[in-house]
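To keep things clear, I will list the structure first and then write my remarks on it.
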Amino acid sequence: ALQLDPENTGFIGVETFASLVHSHELPLDPAKLDMLVALAQGNDEGQVCYQELVDLISSKRSSSFKRAIANGQRALPRDVLLDETGLGFYKRFVRYVAYEILPCEMDRRWYFYQHRTCPPPVFMAAVTLTQIIVFLCYGARLNKWVLQTYHPEYMKSPLVYHPGHRARAWRFLTYMFMHVGLEQLGFNALLQLMIGVPLEMVHGILRISFLYLAGVLAGSLTVSITDMRAPLVGGSGGVYALCSAHLANVVMNWAGMRCPYKLLRMVLALVCMSSEVGRAVWLRFSPPLPASGPQPSFMAHLAGAIVGISMGLTILRSYEESLQDQCGWWVLLLSYGTFLLFAVFWNI
């Protein structure tokens, strides 16, 4: 150590470090070595920091570590991840997820080499499976698969949010397991699996479950304030939180995204989401069949989108960074908490 760093500065030259790795055949992951070299190229002296080396080997990425890489050369010494050959089916799927979700090649490589199969993305899969099972149970019981909310027994479910039962607080969350009919269930399930599962694979179960449930809760509380006579069913609040956060992240990092046909897919996603909102508005104010009471509200869609664009975008842009270190995150969290308190006291 004294020969490599006689002044005890904590830095050594990148060429010295590279020759040390090759001469002693140190078992350092080539992908991590590439990142370390790119990191060293970000400073004027071209030096390797000892603490950065320790963090990299221990798979730790602080916000300062990521900023240092971003300030350095973006081009990696090796080819981009898409040029990797000889990959199995699962690793190709992981690479596909990396290019779908992450806008930076460094982040994509980091995710690809650090990805572990455990824990699997169980949250979105479990929510979707539960929604399908609940729908099938009510469909078989009521013998109705389309516009189930028009059946008088449907609104008596203990899961549905209904303004007459707002004192039963669990309904503000459990309504996400109920759906108007097969069309709404299919739309939500498709988006949860196509967008929610990849997001959970990259950002983890804690962040994505928090974002989804925040959208669900914001949806029911918004309905309780703005559309006070309407009931509410469906997981659209959480789905729109995920989708709006992902779409906003794609737009803000448009140049870095490498997913194929991104413009066409963006347009199709916006058209489908807008159509779903329009359909919900139509069912709320111009129901096709006579009903005994108000139909489910559409305000949860809008509330979920707002949560996604604000809080969700912050979460997705902070890949492998601590949210606790970001002032903007605390401002958004405080704003969301203030809204929750206001909505709770409003309902009380």
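A Cβ is built for glycine as well, from the same backbone N, Cα and C atoms used for every other residue.
Note: Ser236 (active site, nucleophile) has non-local neighbours Gln184, Asn188, Gly219, Glu276, Ala280, Ala300, His301, Gly304, i.e. same-chain residues 6+ apart with C-beta under 8 A of its own C-beta. According to TrEMBL, the feature active site, nucleophile maps to Ser236.
Its own atom aside, the Cβ of His301 (active site) has 23 Cβ atoms within 10 angstroms in the protein chains shown. Per TrEMBL, the feature active site maps to His301.
For 168-317, the entry in TrEMBL reads domain 'Peptidase S54 rhomboid'.
Under the heading transmembrane segment, TrEMBL lists 122-141 (among others).
Residues or ranges marked as transmembrane segment by TrEMBL: 172-193 (among others).
As annotated by TrEMBL, transmembrane segment applies to 205-225 (among others).
The transmembrane segment feature in TrEMBL is assigned to 237-256 (among others).
Within its own chain, the transmembrane segment (263-285) is flanked in space by residues 147, 180, 183-184, 187, 227, 230, 236, 240, 243, 247, 250-251, 294-298, 301-302, which lie at least six positions past its ends and keep a Cβ under 8 Å from the stretch. Residues or ranges marked as transmembrane segment by TrEMBL: 263-285 (among others).
According to TrEMBL, the transmembrane segment annotation covers 297-316 (among others).
Residues 214, 217-218, 221-222, 224-225, 307, 310-311, 314, 318 of the same chain lie 6+ residues outside the transmembrane segment (328-346) yet bring a C-beta within less than 8 angstroms of a C-beta in it. If you look up TrEMBL, you'll see 328-346 (among others) marked as transmembrane segment.
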**OP:** Could you pull out which residues elsewhere in the chain have a CB under 8 Å from any CB of the transmembrane segment (172-193), counting only those six or more residues past its ends?
**Re:** 124-125, 127-128, 130-132, 134-135, 138, 145-149, 154, 157-161, 166, 213, 216-217, 220-221, 224, 232-239, 242-243, 272, 276, 279, 283, 296
**OP:** Go through the chain and flag residues at least 6 beyond the ends of the transmembrane segment (205-225) whose CB is under 8 A from any CB in it; none is fine as an answer.
**Re:** 119, 121-124, 127, 161, 163, 166, 171-173, 175-176, 196, 199, 232, 235-242, 245, 297, 299-304, 306-308, 311-312, 315, 336, 339-340, 343-344, 346-347
